[in-house]
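Now, the feature entries from TrEMBL:
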SIGNAL    1-21  signal peptide
ACT_SITE  HIS58  active site
ACT_SITE  GLU112  active site
ACT_SITE  HIS116  active site
Amino acid sequence: MAFLAVRTLIVLMLISTFAKAANKYDYLQLVQQWPKTFCHNNRACIQGAVLPELFSIHGMWPSNFSGQNDACVGTRFSMREMRRHNHLETQLLSSSWPSYTGLSNLHFWEYEYNKHGTCSENNLKQTDYFTRADALWRRYNVTNMLLTSRHQISPGSSYRYADILYAIRQGIGGYTPLILCKQDPANNIWILHEVIICFNPLGNNVIACRRRSRYSCNSGLIDYPK
Ligand SMILES: *[C@@H]1O[C@H](CO)[C@@H](O)[C@H](O)[C@H]1NC(C)=O
Ligand SMILES: *[C@@H]1O[C@H](CO)[C@@H](O)[C@H](O)[C@H]1NC(C)=O
């Protein structure tokens, strides 16, 4: 009897250790994308759709400074849970986190949540996760940071990488963001694609993004398409 109890205890301890380890990450990346660039040369995009001239969420990714990136385990996305929070779905996320492809918004969120969101489940359950991402998008308005910066960076022109970086940095308290580009091989230009702001694991404080991305923009002129 005592032996069985000890064995049960050990199994329980192992399970809880595993569950914790599976939910470990150092920081969150809030990835915002410029719709026009996302759809540049992208056949998944709905052709002829009118794209908003606003950065919108691509995803919010629990990440490690080491770069270690494990498949997330955790409770899968629940459509029912999302539908129970009708306001979140129809009023908030539909503008902060829209899909530009044939994938519906719900399926886009489901994909992102199952791939990334479940990694932070210990801190942010599904509804908290989406509510937090939406709130960060509203608070850290990249479109507005660019527009109101010294160089009044607005779509339809090209800007120096340093000026784009400066604008975002100013907007987030001096921390380093990541600025990602698509390269157009046809005319060898860099196109502003995504801006990543990094946060502590709970998503309530900006921190510096310490890892570079292989999609980081080259210094030089960057096209911000309209
Ligand atoms: C971060 O690394 C730890 C191991 O140090 C791992 O258990 C965890 O799954 C990783 N997190 C992500 C989001 O990949
Ligand atoms: C973000 O800033 C842009 C440009 O100033 C503005 O048009 C838009 O309404 C802002 N979005 C939100 C959610 O405040």
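Quick reminder: no glycine exception, Cβ is built from N, Cα and C everywhere.
With a 10 A radius on its CB, GLU112 (active site) counts 22 other CB atoms from all the protein chains. Reduced to three states, the DSSP call for HIS116 (active site) is coil.
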